[in-house]
Amino acid sequence: MAASLSLHCHNRPPLSLDNTLLRNPTITIPMTAQNSTNCPNQPHPCLVSLEKCSSMSELKQIHAQMLRTGLFFEPFEAGKLVGFCALQDSGSLHYARLVFSQIHNPTPYTYNSIIRGYTNQNLHRDALFFYQEMIVEGQIPDRFTYPSLFKSCGNLSEGKQLHCHSTKFGFASDSYIQNTLMNMYSNCGCLVSAKKVFDKMVEKNVVSWATMIGAYAQWEQPHEALKLFERMESENASPNEVTLVNLLTACARAKDLALLKTIHEYIDENGFGSHEVLKTALMDAYCKCGCVSLARDLFDKMQEKNLFCWNIMINGCVEDSDYEEALLLFRQMQVQGVQADEVTMVSLLLACIHLGALDLGKWLHAYIKKRKINVDVALGTAMVDMYAKCGSIERALCVFQELPKKDVMTWTALIVGLAMSGQGEMALEYFHEMQGNGIKPDAITFVGVLAACSHAGLVDEGIAHFKSMADTYGIQPTIEHYGGLVDILGRAGRIAEAEELIKKMPMAPDHYVLGGLLGACRIHRNLEAAERAAKRLLEQDPENCGAYVLLSNIYKSSRRWEEAKRIRELMVKRGMRKPPGCSLIEVDGVVHEFVKGDSSHSQSLEIHKMLEDMISRLKKAGYVPNKAEVLFDMDEEEKETALSLHSEKLAIAFGLLNTSPGMPLRVVKNLRVCSDCHTATKLISKLYNREIIVRDRSRFHHFKDGFCSCKDFW
């Protein structure tokens, strides 16, 4: 019987709900619309079977039986059948529409079931068009019709039309309708309208307060949320868990630790401290406010930890730059038998990026495959980003090509990774391919594009891309984009144009822009421009050690010894020293950390012997230490020793000791690579026949056969 059903679909007109209501004057709007459904006292056996139904095949049998007995032609019973099809996980919305088309007098419950079904499956336009059909057919909505419709509103205009409808049908003072209406206005970004609905409510229940507080939290107005909470208390309205969770969300988004601690005290003092949902929300809020230690206290005291708790704590450690602790937590999570998900993996891959831990990243990739973790767009992007920023651009490209779905962030991760790796031309090729695939670039994409143009020496193309941001894509350049264009001009030796650009910037240049100009002046030995850039940089940040170092080196390269000496003395007078260099290298899945002059490693003796061998072989190959990199007064031998103990040289020596011949070495450094280490590493790559990938604070250096991918400009 069911196979004979059919549904005729009409072309849908443009959605205009107000006009729909006006075109059908036969609808009588009652003073108070009510659900006219009358439930029988004794359910029919078919309805009992329907309640126990677990699949569509069973439902079709029940449907056939209802048709044979004539029960299907009763509106209430037929509505139950439609409700099961539309709302159950095992149901079929398409079949529900087929059944609905055969009902002569559907009740509001039946219409509502279809609307809810569309909304639950994110078919929001279908829900609104079906409501339009309902009005055209002369059916009167009830109080359960509008909440689902409000969730389906795609814009403020539709929401306001539905608001008018609910008022016309007599639901202006229905608290259930008003609560969902507030939520709709909040989701559309119209807090003023949400607040008007709230203020007009005659009776505010706990859901009303929680919804309005949640709206303020969503739009990062934590202090308004707190004011409303205080008003709630003054009106003797008791909060529930949702209210407090929304307050905690407001604190987290504002990163207001003081306010967060106040709410925490309230939770403990008012008997909410044992609620697991609130404990989890508190953990999350403390992590987002940068107080991971308090979050960890809550975490350690929890009797049962679900996946969500583990993810919060792991991500909190990553955000707090405690990457080793994040990985340790993941190991504990595995021991306790908690299955990781895509959220866990994104956080762990981010830890690998900061540690430069490619082997660990590969292991996590294998874990994802073995555990069949869903690779959504976010996880796919994190995998591309990890491989690119750990110096394995080939694997990043392979993962990128295999991803079934890519968004603008996925393309951007690859473009930025290629640019950082010195493969500017390829980055631009993917930028053009991205647009060919209909993906519109965003502001972050253009940071990568400008970096690619800089590395490829494409000055005119870089300028054209910069101009296209506002002219073609409607993206206003930020300080990062201006810094990228300054870098392009500076790399090409067009210092005067770079200075002119800085003068015309709509915002004051920051240390990134001025530092880029100063670096270009060092490369091209433009002393006058360097002095101007350094002066502005030090006016902004008198403690910027890097500016003193660069300026001193420029003076030395120009044989202005007195000025160089004056800079050194000024640094000593101000008690300034370069921050200690720190380099990380991963061997056999373990990350080893070295600082300048380090002798704390368990293999320190062997490392220093290898270092002596390296320096000896380098000198035979013509290496002369660049003692100008040592800014402080010491004899020449001490300067040479200080240079030999730079952190990246120690990390490279350790890598040569502990890896097989020919294996690439990957080093991550916290500072810019100095010119002495850069020269030395080029020679080491040739003498030891090793590819050495060094990621400093701004880019990659791929050393191979005595050359570097940066072409000696960094």
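Each Cβ is built from the backbone N, Cα and C atoms, and glycine gets one as well.
Going by TrEMBL, these are the annotated features:
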- 107-141: repeat 'PPR' (REPEAT)
- 174-204: repeat 'PPR' (REPEAT)
- 205-239: repeat 'PPR' (REPEAT)
- 275-305: repeat 'PPR' (REPEAT)
- 306-340: repeat 'PPR' (REPEAT)
- 407-441: repeat 'PPR' (REPEAT)
- 622-714: domain 'DYW' (DOMAIN)
Residues sitting near the repeat 'PPR' (205-239): Cβ under 8 Å, six or more positions beyond its termini, same chain?
175, 178-179, 182-183, 185-187, 189, 191, 194-195, 198, 246-247, 249-251, 253-254, 256, 259
Here the mean pLDDT of the repeat 'PPR' (174-204) is 92
Tally of residues which DSSP labels helix, strand or coil - the repeat 'PPR' (275-305)
23 helix, 0 strand, 8 coil
Counting by DSSP secondary structure, give me helix, strand and coil numbers for the repeat 'PPR' (107-141).
26 helix, 0 strand, 9 coil
So how many of the residues in the repeat 'PPR' (306-340) end up helix, strand or coil by DSSP?
26 helix, 0 strand, 9 coil
